[in-house]
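The following features are taken from Swiss-Prot:
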BINDING   Gly104, Val105, Val106, Gly107, Asp108, Thr128, Thr129, Lys141, Phe168, Leu169, Glu170, Thr171  NAD(+) binding site
BINDING   Glu183, His243, His260  Zn(2+) binding site
Amino acid sequence: MPQTLHVHSRVKDYDILFTNHVLKTLADCLGERKQRKLLFITDQTVYHLYQTLFEEFAQQYNAFVHVCPPGGQSKSLERVSAIYDQLIAENFSKKDMIVTIGGGVVGDLGGFVAATYYRGIPYIQIPTTLLSQVDSSIGGKVGVHFKGLTNMIGSIYPPEAIIISTTFLETLPQREFSCGISEMLKIGFIHDRPLFQQLRDFQKETDKQGLERLIYQSISNKKRIVEQDEFENGLRMSLNFGHTLGHAIESLCHHDFYHHGEAIAIGMVVDAKLAVSKGLLPKEDLDSLLQVFERYQLPTTLERADVSATSLFDVFKTDKKNSEQHIIFILPTETGFTTLAINKDDHQFVEKLDSLL
């Protein structure tokens with residue numbers, strides 16, 4: 001497997017580096033910046049799992065650490081403000097750097113701070129979950145939640161580099177592993193059916209090298225899409241398959257009920273059911289999606305939480321993917337994807353949605 005993927009960006013090109021030697025790879029990335037100040041942003045879970053790693057960072061660099069509570073509540077302007085306070089207190093300049101080590105929450109949060117402190121300072125992402133490695137770290141999207149609305153405030157601000165190491169996945173709980181698989185299945189179902197089939201048959205316990213290949217293949221797919229449509233005007237919208245409903249579920253439900261990859265799985269099932277009902281997708285493809293979700297213990301219905309179609313529809317109206325008058329869904333087809341625009345006043349769709357949940 002190649003060790004590097006180079007991503008072309010209209011903002012700034014960057015490399016995705018595959019390694020099992022995080023310290024050495026980070027040192028190589030920093031180069032002459034080794035003498036600059038570094039702020040490592042992480043969460044309590046990662047910090048306690050890899051405390052020795054952070055101690056080594058402290059020995060080698062002029063480093064500071066900001067440790068967030070785990071979970072989506074840290075993607076907030078209050079947490080951003082706390083990190084600003086630390087950067088200012090330690091006299092961080094525009095030439096100093098942030099390094100995020102954690103899952104998607106940490107990466108999005110740290111990237112947003114980097115994008116906005118002094119109008120932009122450099123940062124490196126080290127994603128530690130499968131979901132963040134194959135999805136949220138790739139493409140430059142950074143941001144935080146606001147007043148219960150998912151990723152409402154943010155930007156596209158690419159990192160200097162992304163360091164991918166599967167060694168972090170050895171401590172990942174099965175539930176979080178399945179959430180990452182959910183995003184890999186998403187891109188496979190829309191863009192790479194051979195990848196989808198490989199994921200369907202994959203045996204995690206006996207095929208570590210196979211996992212590395214699947215991660216590389218998933219990232220390569222997303223890299224290709226992002227390079228063609230960085231600002232989500234066309235092709236990149238396909239990566240929102242499952243996300244209109246998924247983000248609404250996340251907004252309405254406690255994190256304990258549905259993690260991100262689980263909410264997206266339910267969203268994909270509903271999008272696929274809509275596609276079947278409109279003759280865009282064979283029923284056999286929907287059945288295949290349901291079977292593979294069951295294999296990875298991903299939910300396909302909203303049975304864990306009492307959420308109504310009406311409340312979901314109300315949240316849809318605030319989705320940033322919408323046009324002025326329409327709610328946008330991404331529907332899979334036999335050969336790719338299409339968009340479905342639902343009028344924000346179409347209350348008949350609420351009944352349709354209720355029948356699909």
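Using the three backbone atoms N, Cα and C, a Cβ is placed for every residue, glycine included.
Known features from Swiss-Prot, placed on the structure.
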residue	record	Cβ contacts under 8 Å, 6 or more apart
Gly104	NAD(+) binding site	Pro127, Thr129, Leu131, Ser132, Asp135, Ser136, Ser137, His260
Val106	NAD(+) binding site	Ile41, Thr42, Asp43, Val46, Cys68, Ser74, Thr100, Ser132
Asp108	NAD(+) binding site	Lys75, Ser136, Lys141, Val142, Gly143, Val144, Asn151, Gly154
Phe168	NAD(+) binding site	Pro127, Thr128, Thr129
Glu170	NAD(+) binding site	none
Glu183	Zn(2+) binding site	Leu131, Val134, Asp135, Ser218, Gly261, Ile264
His243	Zn(2+) binding site	Ile264, Gly267, Lys321, Ile330
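Each residue in Leu131, Asp135, Cys179, Ser182, Lys186, Gly242, Gly246, Gly261, Ala263, Ile264, Gly267 lies on the same chain as Glu183, His243, His260 and has a C-beta within 8 Å of the C-beta centroid of that Zn(2+) site, without being one of the site residues.
Mapped onto three states, the DSSP output places Thr129 (NAD(+) binding site) in coil.
All chains included, 27 other C-beta atoms sit within 10 angstroms of the C-beta of Thr129 (NAD(+) binding site). A helical conformation is recorded for Glu170 (NAD(+) binding site) in the three-state DSSP classification.
Maximum intra-site Cα distance, NAD(+) binding residues Gly104, Val105, Val106, Gly107, Asp108, Thr128, Thr129, Lys141, Phe168, Leu169, Glu170, Thr171: 26 Å.
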